[in-house]
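One structure is given below, encoded as structure tokens.
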Amino acid sequence: MAAPRRRVFVVGVGMTKFEKPGRRDEFDYPDMAKESASKALKDAGISYNEVQQVCVGYVYGDTTCGQRAVYQLGMTGVPVYNVNNACSTGSTALLMAKQFIEGGLSDCVMALGFEKMERGSLSAKYTDRTNPMDKHVEVMANTFGLEPSPVTAQMFGNAGREHMEKYGTKPVHFAKIAYKNHKHSVNNPYSQFRKEYTLEEIAASPSIHNPLTKLQCCPTSDGSACAVVASEEFVKRHGLQAQAVEILGMEMATDLPTTFQENSCMKMVGYDMTKAAADRLFKKTGVSVKDVDVVELHDCFSANELISYEALGLCEPGKAGELIDRGDNTYGGKFVVNPSGGLISKGHPLGATGLAQCSELCWQLRGLAGKRQVPGAKLALQHNIGLGGAVVVALYRMGFPEYHRTGRIQAMPTSAQVADFKSAALFDLMTKEIEKDGANLVKKVKAVYCFKVTGAGGKTGCWVVDCKNGSGSVKFDPNGKGDVTITMSDDDMIKMAMGKLNSQQAFFSGKLKITGNMALAMKLQQIMPKPGTGGTLKAKL
């Protein structure tokens, strides 16, 4: 008789803000990975030395990028596995990590995903060998033919067309999904896009492939996400019951014969494999889909979100339009789908997506999702799909709800601390200057400056530099106020301090914002580090 499988828990999660490719300086994949993994370890309250194996997912990169990504966390010699499974790469890495725990091979495993992408639509990288999507494209050619638009948009757009022909779905239903996801993303500091659009704006945006418009398609993105998973023994040994989210079940499926045999674009993009995985998941866990509160599903295009409602069992086949019209896919309805903004608005760095979904659902279950919190969320469903094909579905719930109700609830994942900002080194230098000659600076300046710095993940830090009272001081104060307020990004603050960004150019380009007493603002140069301190600052960084 087989030994019972061990319970598996997510004890720490972290992610970067998802960005337009190339937008953020010094954001190569090792930088992204370090940021998300460090956040996940900090969330779990453990060191990298306690991680016994690492599963790293990415699609675009050389063979051992996973090792390069984690070496900066610690050279501990643990196994590192590189995972590539199309758009479901991140959740595949998580599934592997779960299996290591479940099978008793490890007690603590890290699942890490990242992607550094090129701008524009995805394209094939190798033209001297069989394309793994050749059979999928053949199905589409047999049904709707081929057009000049991006291939993936054609595939999912044609799946939407098929649903319209079969069930009478209207273009407005796809637009409503995009409207919802963009609206949800406004409250997500990790989202690539945080702008709300009207339904009319979404429908009127440039057509990519009928019925899909630009605002119904996910962008390419840079970013990373991470989850630390552990055994029940590890959780209890480290006192993590209050935050441990149990992976109640997790299933993967690949293409079935119907993917190619029935000339159905809905099945070609994964309807049947999603249904097969979801059916197994609910059967094995003994949980009903009706009990699900919050869902993160793979909305690479609005058409895929719509057909996935039916494949996952959120509604009956052909009833997705009615579910949308009732508002049963958003706050106040039966399910809240993609509270993060989904791939359409949050972004889609391929290797990170599945782990970003995991992070969002863990925050939702722990009650740490801020303005996007789903009230009373107890059961969460994840769906991550990649053409070619692979789909991963998972169910999550709090592992020790009695501890969650009474135990220590961790701070919001977006709360800011000094260590989250590179420019903290700049304020350390200011502190030393004030300690040397603070009394004279107070006589000359007679002002309090509030520096509001925006860093990774949308976090905002605030330093108050007091050159008005006593012998002066520098302190980190999230609620700080001053005679003059300076607002700038973390990266630009460092560049300006090191002489790589001219302050006047920064001001007129909008990178530097100054409010308050402008006469006092002109005295800023007296408290900023003197020219020539760039080397000292670089050393501190």
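Quick reminder: no glycine exception, Cβ is built from N, Cα and C everywhere.
Per TrEMBL, domain 'Thiolase N-terminal' is recorded for 8-233. The annotation domain 'Thiolase C-terminal' is assigned in TrEMBL to 264-387. Residues annotated as domain 'SCP2' in TrEMBL: 435-528.
For the domain 'SCP2' (435-528), DSSP puts the residue distribution at 37 helix, 30 strand, 27 coil.
Model confidence over the domain 'Thiolase C-terminal' (264-387) is summarised by a mean pLDDT of 97.
When DSSP labels each residue, the domain 'Thiolase C-terminal' (264-387) comes out as 65 helix, 13 strand, 46 coil, counted as helix, strand and coil in that order.
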